[in-house]
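The structure appears below as structure tokens.
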Amino acid sequence: MNERTKQSNGAVTAGDAPRDGAQQRQVFQRTRLATAEADWLAEEVPVALVYNGISHVVMMATPKDLEAFALGFSLSEGIIETPQEIYGIDILPSCNGIEVQVELSSRRFAGLKERRRAMAGRTGCGVCGVEQLGDLFRPLAPLPFTQQFELARLDGALASLKEYQPVGQLTGCTHAAAWVAPEGTLLGGCEDVGRHVALDKLLGVRSGKPGWQAGAVLVSSRASYEMVQKAAMCGAEILFAVSAATTLAVEVAERCNLTLVGFSKPGRATVYTHPQRLY
């Protein structure tokens, strides 16, 4: 068996497998092609978000923290403005995947029907199925300048990020999104095979945490425009990405007053927009 042992760096053993999000499969290693052995793979399943009985979007996702995903997606896509506009969330298995049934307030459902579009997402794509280019960019209110963050405190947050990737530590196959407090501690995080979904899960968790208003988003991925847009829609003023930012992400961040930072690594960071929040 391809063993993963728990080392001082906090890696997770196969015996510590999470209940949700990973399965074992038989694989063949390059140096042992004659013998199959067990290895852990991250689960990826179709997840349909169904609002008041009408399917709105199907995303490929890791089947954990799906209630948080539904809440965060609803907020970051502008379907709702507050969690109180969702009356209930039910997670139901279906023949081909999972249905997350969301009960919206009548006012929000009426608004959703007006703008509804056929849309199907996949792991690496946040725009699949958008009917017109104008639909890509939602109006974003300029963010206030209320946050300050000391970059020296980011190193500890980066070191702790894997604590919120139990599936990722087993499989090497998930992205993480976490909320960093101003003092540099991680207050919580989520993981998924899709970076957009991981961020939506985090934003859903954050919406129920009044103490999570100050701070910043930290993601293990690149910063594309969708990540900036989602963070800004939920009021996050600072977004740290482990990898680079795209040109469009920088343009969106500049317009909405979001501080965008890429190449966030110990002792290193590239600040693309609004550096006045950092010191």
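Just so you know, glycine gets a Cβ as well, placed from its N, Cα and C.
Note that TrEMBL annotation is computational and uncurated.
Feature annotations, reproduced from TrEMBL:
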{"type": "ACT_SITE", "residues": "Cys125", "note": "active site, cysteine persulfide intermediate"}
{"type": "BINDING", "residues": "Phe263, Ser264, Lys265, Pro266, Gly267, Arg268", "note": "Mo-bis(molybdopterin guanine dinucleotide) binding site"}
{"type": "REGION", "residues": "1-23", "note": "region 'Disordered'"}
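Those same-chain residues not listed among Phe263, Ser264, Lys265, Pro266, Gly267, Arg268 yet with C-beta within 8 angstroms of the centroid of the Mo-bis(molybdopterin guanine dinucleotide) site C-beta atoms are Leu154, Asp155, Leu158, Ala269. Counting every protein chain shown, the number of other Cβ atoms lying within 10 Å of the Cβ of Lys265 (Mo-bis(molybdopterin guanine dinucleotide) binding site) is 13. Under the three-state DSSP scheme, Ser264 (Mo-bis(molybdopterin guanine dinucleotide) binding site) falls in the strand class. Sequence-distant contacts of Ser264 (Mo-bis(molybdopterin guanine dinucleotide) binding site), defined by Cβ-Cβ distance under 8 angstroms and a gap of at least six in the same chain, are Leu154, Leu158, Leu218, Phe240, Ala241, Val242.
Applying an 8 A CB threshold to same-chain residues 6+ apart, the list for Pro266 (Mo-bis(molybdopterin guanine dinucleotide) binding site) reads Asp155, Leu158, Ala159.
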